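Trainee: Pasting a structure below so you can have a look.
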Amino acid sequence: MTTTITPLIAGNWKMNGLRASLDELTALAEMMTAGEAPRAIVVICPPATILAAVARQGATSGILAGGQDCHPAASGAHTGDIAAGMLADAGAQYVIVGHSERRAAHGETDDIVRAKAEAAIGAGLKPIICVGETEAERDGGSAESVVVSQLAGSIPDAAGQHDVIVAYEPVWAIGTGRTPSNDDIAQMHDAIRRQLVTRFGDKGQAIHILYGGSLKPQNAREILAISNVNGGLVGGASLLAKDFATIISAV
Ligand SMILES: O=C(CO)COP(=O)(O)O
């Protein structure tokens, strides 16, 4: 079965962005409405402090808002954490879970990431579930088995009935300016697709598989054209409206 997936381009602002960044969002919205309508779903995941403002501003321009992480629990004594329901309350429609910067710095296991994805689905959000191998794992030849195993542990059964997004982000490509070869990206995305289809049948054909890691205006066109690459998760290049707009228009 061939399923057409509308590409999705998500910007992960990480710990960058003050209220002043909303000007960049205004510029992005203007660029998006100036030319032909974008052929992609566009999502910005800002820091939580400006999430509500991004969601409000995005409501008029079609830019959707997402969180960068959520807690598995709905509420409780978890100082500094944010529940998925709170992100939804602030206007988010998406939330990134299992980003490698959190897996590494906060000891997040696949079980925790899966619990976060379940919490997100429970709150009506679409989780963007991140997976990716380290450089040592790629050099050692285990990249595919590592990613397939991370995905098996991180994606909840509920993905069979609800919308989830998978983001393949090789850890060594994040913020480094390096990317895998197009063949390596194709091979990994094909392996992820096979696993999604084996587990979720036709629904697995419709799940977005995003590529992330040094996606830039210069390489977006060729990477986004690779089969089973259904969009991108963009870090550094999402901070400047001009660069992000170029990536969106590369779809
Ligand atoms: O981690 C990323 C997005 O989540 C990718 O970051 P860069 O695009 O800065 O490499």
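Any Cβ shown, glycine's included, is placed from N, Cα and C.
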Trainee: TrEMBL has N12, W13, K14, G175, G235, G236 binding substrate. Which one of S145, S149, S154, S214 is in the same site?
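Mentor: Candidate listed by TrEMBL for the same site: S214.
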Trainee: Determine the binding-site residues, out of W13, K14, G235, lying near ligand 1 in the sense that the CB is under 6 Å from one of its atoms, and give them in sequence order.
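Mentor: Cβ under 6 Å from ligand 1: G235.
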Trainee: Give the sequence-ordered list of residues that share a chain with K14 (substrate binding site), lie 6 or more positions from it, and have CB atoms under 8 Å from its CB.
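Mentor: Same-chain residues close to K14 (substrate binding site) (Cβ under 8 Å, separated by 6 or more) are P47, Q68, E101, G235.
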Trainee: Do any residues at least six apart in sequence from G175 (substrate binding site), in the same chain, have a Cβ closer than 8 Å to its Cβ, and if so which, in order?
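Mentor: Result: S214, G235, G236.
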Trainee: How many Å separate the two farthest-apart Cα atoms among the substrate-binding residues N12, W13, K14, G175, S214, G235, G236?
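Mentor: Taking every pair among N12, W13, K14, G175, S214, G235, G236, the longest Cα gap is 14 Å.
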Trainee: For E169 (active site, proton acceptor), which residues of its chain lie six or more apart in sequence with Cβ-Cβ distance below 8 Å?
Mentor: H99, S100, C130, V131, G132, Y211, G212, G213, L233
